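Written out below as structure tokens is the structure these notes cover.
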Amino acid sequence: MGLLTKIILLLIPIGVGYIYLKVTKTDPIPHVEDAYWGPKSEQGKKEDTTIRPFKIDISAAVLDDLKTRLTRELDSDRLVTPLEGVGFGYGFNSIFLKTVGNHWLNKYDWRTREKLLNQYPHFKTKIGGLDIHFQHVKPKPKNGVAPRPLIVLHGYPGSIIEYQKIIPLLSEPKNSKYNYELIIPSLPGYGFSSGAARPGMGTVEMANIFKRLMDRLGHKKFYAIGGDWGAVITSDLATIYPDSVLGAHSANCVSLGVQGHLRNFLALTFRSIFASPEEEEHKWLSWGETFSFIVRESGYLHIQATKPDTVGTALTHSPLGLAAYIMEKFSTWTNRTWIDRDDGGLLEKFEMDELLDNVMVYWVTGSITTAQRLYSEGLIPWSGINVDDVPTNVPFDCHALSGDIIVVPKFAISHKFTNIKRYKVNAGGGHFGAFEIPSVIAADAVSFFDSL
Ligand SMILES: *[C@@H]1O[C@H](CO)[C@@H](O)[C@H](O)[C@H]1NC(C)=O
């Protein structure tokens, strides 16, 4: 036997052992401090803990400025003609972007949209030096039972807009014994919530902010729904405060830790061994397809995890640039085949006005830069506290949707969520489930919470 063969034979068991340890190891639950995230100049002052009513009421100056910019961008010839026949293949198609811009400038009426947004009450309160914004929908008791508190968390590039249609379906569901009291915050740095003044505000730290918010509202125990980053924050909430979270529903159950990635690799490579019965119907992409899809679609993630402020500067100054950058995701993340269409299939499942509402939340608050920073804080493993590989025993309902960017096999999350009550992969719907198919998601979440 040659030396090289001996070395290889020695390395194989070490590699297998390493993977085995990684896949089976569990970390303890860390303690998370109630930290201060505001500017240094305010630190140490007594925090005003009142909950203040808030109304979305954007000044005429901001709207006039937007109109001026949009007019100039649409009149100029600086938009570059797309290559022939590529649809959305090189990014947001600039011909369709003109359609979006013209609608925004001439048909979209912010004051009407603002009224719609204000039909459910908004509040702000200071937590850890940050102004935290949330919608609070408090229905009446049902059959003499007080509504059950439920926090609903959005992600990127979304906002509270994603949840406007699902509000009545969750707060006063028809086929349920209960009503649900909804708390729908803007994540720190997103929309109407202020961003941290220094590095470190990752998903665990956000979970801590929301635990403090629920405490302040008098809810020691509550239910949770989350999508995208909101799903990770929900999972972090359940992990660090297992006694507070009574149950959680997510269309994007995922484990971003080393174990999660390893298990995902194993499950996709040796499907016949690791597939759960619930996944049989789903058409998994091959490894090659998965890899090329991830490379094609994850450039934004790398930029935002490393240089969020650079691209943020451009996006904060150009409304058409911002719309293209945000709305592109609602195409490919809803249905990956729509990349071939000239309009990205955007109006297939969404209204132009509601897509623009979401862009407006970022535009009027100038929050795209602070929002993107979550990728720097949330994805770099050495920054801040990470509980991706710490298991949680809180009951979870994992409702994967087949049009999503990634569909995660049950095996790749079952070490993290040790009490998955239901797992399924549904054919209809993509990444923005509550926005795209609100009645399906609401019925699913409510039937799950009712069962607890
Ligand atoms: C994506 O769109 C194609 C073509 O319209 C359709 O056949 C397919 O079912 C859609 N996928 C999902 C997950 O909705």
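Just so you know, glycine gets a Cβ as well, placed from its N, Cα and C.
Straight from TrEMBL, the features:
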| type | residues | note |
| --- | --- | --- |
| DOMAIN | 51-163 | domain 'Epoxide hydrolase N-terminal' |
| ACT_SITE | D228 | active site, nucleophile |
| ACT_SITE | Y375 | active site, proton donor |
| ACT_SITE | H431 | active site, proton acceptor |
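You'll find the Cα of H431 (active site, proton acceptor) roughly 8 Å from the Cα of D228 (active site, nucleophile). Per DSSP, the domain 'Epoxide hydrolase N-terminal' (51-163) is made up of 41 helix, 28 strand, 44 coil. A gap of 12 Å separates the Cα atoms of Y375 (active site, proton donor) and the residue listed as 'active site, nucleophile'. Residues from the active-site residues list (D228, Y375, H431) with a C-beta closer than 6 Å to any atom of ligand 1: none. Taking all protein chains in view, 23 other C-beta atoms sit within 10 angstroms of the C-beta of the residue listed as 'active site, proton acceptor'. Around the residue listed as 'active site, nucleophile', taking its Cβ as the centre, 25 other Cβ atoms fall within 10 Å, counting all chains.
Confidence over the domain 'Epoxide hydrolase N-terminal' (51-163), given as mean pLDDT on the 0 to 100 scale, stands at 97. DSSP gives D228 (active site, nucleophile) a coil state; it is part of no helix or strand. Classification of Y375 (active site, proton donor) by DSSP places it within a helix.
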